[in-house]
Amino acid sequence: MSSEDVLRSASTLASYNVLLQVMFRILTFLLNAFTLRFVSKELIGVVNVRLTLLYSTLVFLSREAFRRACLSGVSGTNHSWRQVINLLWLTLPLGVLWAALLVCVWLWLLEVPDPQAVPYYGPAVVMFALSGVQELLAEPLWVLAQAHMFVRLKVVAESLAMIAKCSITVLLVVFAREWGLYIFSAAHLVYTGFLVLCYAVYFIRFLGSKEAAKKGFPLQRVGDLLPCRRINDRLLLCLYFFKQSFLKQILTEGERYVMTFLNVLSFGDQGVYDIVNNLGSMVARFIFLPIEESFYIFFAKVLKRGHDVKNQRQEDVAIAAEVLECLLKLVLVVGLIISVFGYAYSHLALDVYGGSLLSSGAGPTLLRCYSCYVLLLAANGVTECFVFAAMSQEEVDKYNLVMLALSVSFLFLSYMLTWWAGAVGFILANCLNMGLRILHSLLYIHHYFHSTQWKPLQGLLPSPLLILALAVSAVVTALSEGVFCCDSGWLLRLVHIGVGALCLLGVFVAVLVTETQLIQFVRTQLVPQYRKKHT
């Protein structure tokens, strides 16, 4: 497969992932808005912070290293998919071990919520751990689907699973509210069960079919998906990535670990912070994260891990540099737009979403700070997806030391800044650590392309017209919020929204006029070309 074909497939995967994440975030957005009317913020805090942290820690530590190792260089002609499948099945026993350890910690070492306010905490911990182990059953199938760009499978599977989860949650919240944490635990078990079922049914029907033979799929029968005794040369790479994944998980979920283990916020305050955090990260999750995941696969296939630039095909290096520059420019522009408009519309968004429960107190300040933090999230996601795809095993091992230092400093800063500034301290600590990670990645990218004619870090600054449009929008929308929002009725709120819409239109016009190369990249690479596929 040529570099252009890989890019086209990765771009299509990114586009489908963006659409999928948009749907997920909308459903989650509506689900949270609905449940806020029926359950307490303490229960929301336990589910969204403590139990979700248990699940995410289990699945991340069990599979992330295997995913990165098995998706690196899967297009090689000598690559043995039987070895990859064999290695991926190790995620299941590893997940069982992590589940047993984490359940003991969550039940016996952490503070137990008041059973009157948050009933059935113990069974909920066990059920969330079981849902994580259940999801690992589909791990070999997920990697196969990702490596071979089965994008529609992922969309269908995760869509059905999310719809089932939301349906169960709504029904139980309305008709069995007294079940407490059982509601969300059962819904999560249904979600992971649907994921496993969809992937299993698809590959059982696909393997051995004419479509599989036409595509030259490397596995011919269902038995090839089962583990076997084979020596695997990727186990060492998994060990390197496992150490990195462990540290990255602390950075990714650091504020939840601090809230869970150090008790710096009450369960109610944790619930409010998590809701604001989810609102603030919506764009980061449904735009930036899918792009990062999809183009990591592109960079890993186009570039040879650990090889010097001069020893690689120059056509591959050129297209990688061009894609990296366009991606960085794209996320920079989107991040600036979010930062500018997020400041003036945070209070209104929280008031509409959760009423005075969210819009009073520190909620608006949290969301404004998060709007600025999104800019750093955007830049870090793209730079790290390139760095992780290009690093050699030795460089990954050295980077583990950097991640260790960042993890320790992040936990310390989170505790100190939260003690000083409340929940805002979490966002400030995240900004500092994200800035250091971006700096490290930029230095690596600069060194990587230093001896070549390609300089992907140059030309990232937006055009003067776009900068002017953003600056004017920031001033106008801030003044509009002070005059029209948010305690003077819906008519003036609509005026405030109209002012923002006009300013946003002006920004879009500036992008279309001045950022022609970026628009071309979005049109040709991030928008699926359905007509070309069906003509």
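Glycine residues also receive a Cβ, built from the backbone N, Cα and C atoms like all the rest.
What TrEMBL lists as transmembrane segment is 12-31 (among others).
Annotation source TrEMBL lists transmembrane segment at 43-66 (among others). Long-range Cβ contacts of the transmembrane segment (43-66) within its own chain (Cβ-Cβ under 8 Å, at least 6 residues beyond either end) map to 32, 35-36, 87-88, 90-91, 94-95, 98-99, 102-103, 106, 110, 113, 117-118, 121, 124-125, 128-129, 131-133, 135-136, 139, 143, 180-181, 184-185, 188, 238-242, 244-246, 248-249, 252-253, 256-257, 259-260, 266-272, 274-275, 278.
Counting only same-chain residues 6+ beyond the ends of the transmembrane segment (87-109), those with a CB under 8 A from a CB of the stretch are 50, 54, 57-59, 61-63, 66, 69-70, 122, 125-126, 129-130, 132-133, 136-137, 139-140, 143, 226-227, 232, 234-235, 238. The transmembrane segment annotation in TrEMBL covers 87-109 (among others).
The transmembrane segment annotation in TrEMBL covers 121-143 (among others).
If you look up TrEMBL, you'll see 155-176 (among others) marked as transmembrane segment. Here the transmembrane segment (155-176) has long-range neighbours at 16, 19-20, 23-24, 27, 30-31, 34-35, 38-39, 182-184, 186-188, 190-195, 198-199, 202, meaning same-chain residues at least 6 beyond its ends whose C-beta is under 8 angstroms from one of its own.
Within the same chain, residues 47, 51, 55, 120, 123-124, 127-128, 130-132, 134-135, 137-138, 141-142, 144-145, 150, 153, 156-158, 160-162, 164-166, 168-169, 172-173, 176, 222, 225 sit at least 6 positions outside the transmembrane segment (182-204) and bring their C-beta atoms closer than 8 Å to a C-beta of that stretch. The transmembrane segment annotation in TrEMBL covers 182-204 (among others).
According to TrEMBL, the transmembrane segment annotation covers 326-345 (among others). Within the chain, the transmembrane segment (326-345) has long-range Cβ neighbours (under 8 A, six or more residues past its boundaries) at 280, 283, 287-288, 291, 295, 367-368, 370-372, 374-379, 381-383, 456-457, 459-460, 462, 466, 470, 473-474, 477-478, 480-481, 496, 500, 503-504, 507, 511, 515, 517-518, 521-522, 525.
What TrEMBL lists as transmembrane segment is 365-389 (among others). Tertiary neighbourhood of the transmembrane segment (365-389): same-chain residues 68, 72, 273, 276-277, 279-281, 283-284, 288-289, 291-293, 295-296, 299-300, 303, 305, 320, 324, 327-328, 331-332, 334-336, 338-339, 341-343, 346, 349-350, 396, 399, 423-424, 427-428, 430-431, 434-435, 437-438, 441-442, 444-445, selected by CB-CB distance under 8 Å and a gap of 6+ residues from either end.
Sequence annotations record features per position, and here TrEMBL assigns transmembrane segment to 401-421 (among others). For the transmembrane segment (401-421), same-chain residues at least 6 beyond its ends with a Cβ under 8 Å from one of its own Cβ atoms are 244, 247-248, 250-251, 254-255, 257-258, 262, 264-265, 428-430, 432-433, 436-437, 440.
Outside the transmembrane segment (427-445), and at least 6 residues removed from its termini, the chain residues within Cβ reach (under 8 Å) are 251, 254-255, 324, 366, 369-370, 372-373, 376-377, 379-380, 383-384, 386-387, 390-391, 399, 402, 406, 409-410, 413-414, 417-418, 421, 456-457. According to TrEMBL, the feature transmembrane segment maps to 427-445 (among others).
Taken from TrEMBL, the feature transmembrane segment covers 465-484 (among others). Residues 333, 336-337, 340-341, 343-345, 347-348, 492-493, 495-496, 499-500, 503-504, 506-507, 509-511, 513-515 of the same chain, all 6+ positions outside the transmembrane segment (465-484), place their C-beta atoms under 8 angstroms from a C-beta of that stretch.
TrEMBL lists 490-513 (among others) with the feature transmembrane segment. Counting only same-chain residues 6+ beyond the ends of the transmembrane segment (490-513), those with a CB under 8 A from a CB of the stretch are 333, 337, 340-341, 344-345, 348, 463, 465-466, 468-470, 472-473, 476-477, 480-481, 483-484, 519.
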